[in-house]
Amino acid sequence: SASSTGKVMFEVVSQRIKSNGGGHLNSAYDAAPDEPPVYEETNFPGEEHRTIRPSVISAFGHDTLDRVPNIDFYRNAGSVSGHRAVRPSLQELHDVFQKVSSCDDGEKSDGTPFDDLESADTSDDKGLVKFGWIRGVLVRCMLNIWGVMLFIRLSWVFGQAGWGVLSFLGSLLMFKLKQLHNFMTVFTAVYRNCNLKLFCCFLGLGIVVIALSCVVTTITGLSMSAICTNGVVRGGGAYYLISRSLGPEFGGSIGLIFAFANAVAVAMYVVGFAETVVDLLKEHASLMVDEINDIRIVGCITVVLLLGISVAGMEWEAKAQIVLLVILLVAIVNVFVGTVIPATVDKKSKGFFGYTSTVFQENFTPAFRDGETFFSVFAIFFPAATGILAGANISGDLRDPQAAIPKGTLLAIFITGVTYLAVALCVAATVVRDATGNATDLVIPGVACNNSAVAACELGYNFSSCAVDTCKFGLMNNFQGLVLSSLQGHFQPLSQIPLTSVFPQALCKDNIYKALHFFAKGHGKNNEPIRGYVLTFIISVAFILIGNLNTIAPIISNFFLASYALINFSCFHASYAKSPGWRPAYKYYNMWLSLLGALLCCVVMFVINWWAALLTYGIEILLYIYVTVKKPDVNWGSSTQAVTFVSAVSNALSLAGVEDHVKNFRPQILVLTGSARTRPALLDLAHSFTKNYGLCLTCEVFVGPRSEIYQEMNAGMEKNQQWLNKTKRKAFYAGVACDNFREGTESLLLASGLGRMRPNTLMIGFKNNWRTAGRDAVQSYVGVLHDALDFEYGTVILRINQGLDVSHLVAEEGVYQEALDNQMMTNGGKAKGLFRKSRNSSQQVAKMNEKLMEASGQFKKKQPKGTIDVWWLFDDGGLTLLLPYILTTRKKWKDSKLRIFIAGQPGRSDLDKEEMKSLLKKFRIKCSDINVIDDIHIKPRSDSLKNLDDMIKPFCLHEGSKDMIQADVMQKEHPWKITDAELSSFEEKTHLQVRLNELLQENSKSANLIVVSMPIARKESVSDFLYMAWLDILTKNLPPTLLIRGNHKSVLTFYS
């Protein structure tokens, strides 16, 4: 009964589940070859691993193989947060139930713990260090954003840019209208006449530097939050986000650039630290060599120490960062406290006067010096804001990156932005731009005090000498404006080295750049990228030797801005594609805001340094082209694929609303190759017609009961398409299952294509074995030709004397390869004996099939100098002429010239030739020669007729020698045979095919390819075997021959 059968099924499944540790067996499962490499994946928050138990089935009230929805069914290969359960395949649920013993099933299944990547032992992963959003993201981002620029460049930035200017929109407008130096002249005049009551229309230009940086980073942070909450984020940071969103081409190019930028950032932070140390050495007269070389020495020593700390491990480094954050916070608080303590005489001589309105008002306007501009100052400051990816960079080490990255990153941007702004305003309100550091430079009555430091004059100090000589103190001169806390701030590179090394490791694991795969290896329980640390160290040392922070910073700015631009564009692109897979948990983003952020990054790059921006994009484009050409075997479901699909559907719909026009006709070929590898010559020639500009469908008909062949058909779909892609044939594969060949082909002819992108030409190989194939096979073949003409398809038949089918060679190759693999497994990777043994048999097979293999590959190689002979005997709309012309436009056929042969009447050959010449000229088709055949009506030679008689003799009824009754009986028994009446009726047409073969032998025996108008057999008038005899005798013993018949609708026109 049904219930007892269900119980048996349930018991079998239960045994299989128990025998495999709770994992369901699925023999149809095969790990996808394009899944990403195994990275460490975080656990889902609040998730406990749940095994699919048989008791779940009882929830339905009856026994069933179906499973309730569960997260374990959706895990990728390499997941360490839980085992991937394999749901029952559709075949297991749909096929006729067969009771199979659990032990046999377990041995054969691909879903066993031994075969499934998800079942790998993850016991060692318990020691992994995983961080929350505070330690993993917030702390790291703040440490990366605070540091060098806060302590030794922020005062200089506000000294150059000031903190007050006309509204930013107005300044941008004036900057567009005039060069920067003219703008400063205009601004000064406006400022001097500006009413301070209009203070509300003022915005700090120095503040704009910080605000613009925060705008860029905030928009990028929002975009990054959307991307990283659209699925599980693994290790790799910005590279992982961009590559999984836009694809390996963009991800691979920007990943390499971003990794390089982070390595250079280490050099920047170390040089900043070294500057502070060297200033202390200079203050105590303890320089080792000179200032620049001391920076290099201290920087190299520092980066070596930091390398050692990083190699010690991520866990120790994370603990050290907490201590450093505390020190950094104390230092920042120390700045604010220091500004309210009354200034000493020494501090006043160095430009610090405490909070005074005169100093604050004097620092209101910009005072760019030494060729600096707003954007050059912005370029030096912007790296201060580039630490926003610090948390995303270690996404693989976060407990819940989806929640931690948005929360920690955006909060860090807000906190650090407010801190920068507060510190900058405090400095601008307390320190003048220039100071001598000499306590005796006081205002003396009668001595002029009219330099730029008017505020100092009002406060009793005369720094007029700074207008002539360069002073050492003040906002413009002393980079160590916050010297009390600068030393603590420069421990920032400690966090940068390990973060930087994550990029090369993730990039190398994906194996996009083969040369970098060496750096993919990790060490220890945390998979520490030691080799990546060393690579970062080498790059950092190279840039530390520059020894100038202002030179290093703009280099980093361009690279980081390029990365941010692509992160923003990734968010926009994914949103624009409207893929159902784009479902970010973080909703506070806008696709147009992301696009604005991407454009803003690009504009700022060019304004900062146009040639550096061009260089950055040039490198990016070269890397993009490299990855595109190499075509890495990965598929990450990028938004590029989604947009391509949307564009394809949109274009197809647009074409559907436009009527076909003869000028836009191109052959769209449905070629019956069988399996894609079975008839290479047929496929290569069809591909030559369509190339990259037309539709080419390689089709296969699986004949037999559908229940027996559908598995073979489904398995072959992906395999054949992959082979086409691998061999660079721009074609699609399609297969159908039918009870007979004709019905399957009819389905393909009727249903293939999409809208206007549907085939209009059928291409098929000539059936060489028609005399031995049997009645049904011949009727099916000829029926396909009839169907193609009924459906108004152009029809093309290719004949090569050696044949087209190489399926037996492909099968032997597969058997040989399988035996070779088995022998290598049993011999520990060595198969010398088998290879020698098989080589002899392979040589024998190759020798036997040498001609076939050579003929099969002839259209794949460049054709020698020669001709394509076109026998355009009947006007079919021009397809017989168009196809060979298309061939001559291909590189492989460029040395083959067209020769045209036409049928003419005796006595007017010259006139016929001129008419054809005029027609070809109007069609703009060049040919080397035009030949008029005026003896085509002559009766064939007797030996040729005898060959035809021998060919059709087994298929003739010979009823003429019988009486009428006996003849009728014979016709009823063999209705498919050729009758004497039929031969008599079509004698002239039959003789025409024989005569044409004689003419072809005389005129085109040495052609590279022959194209002949295909004769048409009227349905129910010409028997199938007689028609096959026509085609056979017409193309017998010739070079490769194409029989072509258009659908008698024009495909050529001479109108513009």
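Heads up, the Cβ atoms here are built off N, Cα and C, so glycines get one too.
Checking the ranges 158-175, 446-463, 1022-1039 against TrEMBL, the transmembrane segment annotation falls on 158-175. Segment contact is absent for the transmembrane segment (530-549) and the transmembrane segment (320-341), given fewer than three CB pairs below 8 angstroms at sequence separation of 6 or more. Residues 133-134, 136-138, 140-142, 145-146, 150, 154-155, 157-158, 162-163, 206-207, 210, 213-214, 217-218, 221-222, 224-225, 332, 335-336, 339, 351-356, 359-360, 362-363, 384-385, 387-389, 391-392, 453, 455-456, 463, 474-475, 481-482 of the same chain sit 6 or more residues outside the transmembrane segment (408-432) yet have a Cβ under 8 Å from a Cβ within it. Ranked by number of Cβ pairs under 8 Å to the transmembrane segment (250-274), the listed stretches 320-341, 555-576, 588-612 are led by 555-576. Here the transmembrane segment (588-612) has long-range neighbours at 212, 215-216, 219-220, 222-223, 225-226, 375-376, 378-379, 382, 554-555, 557-558, 561-562, 564-566, 568-569, 571-572, 575-576, meaning same-chain residues at least 6 beyond its ends whose C-beta is under 8 angstroms from one of its own.
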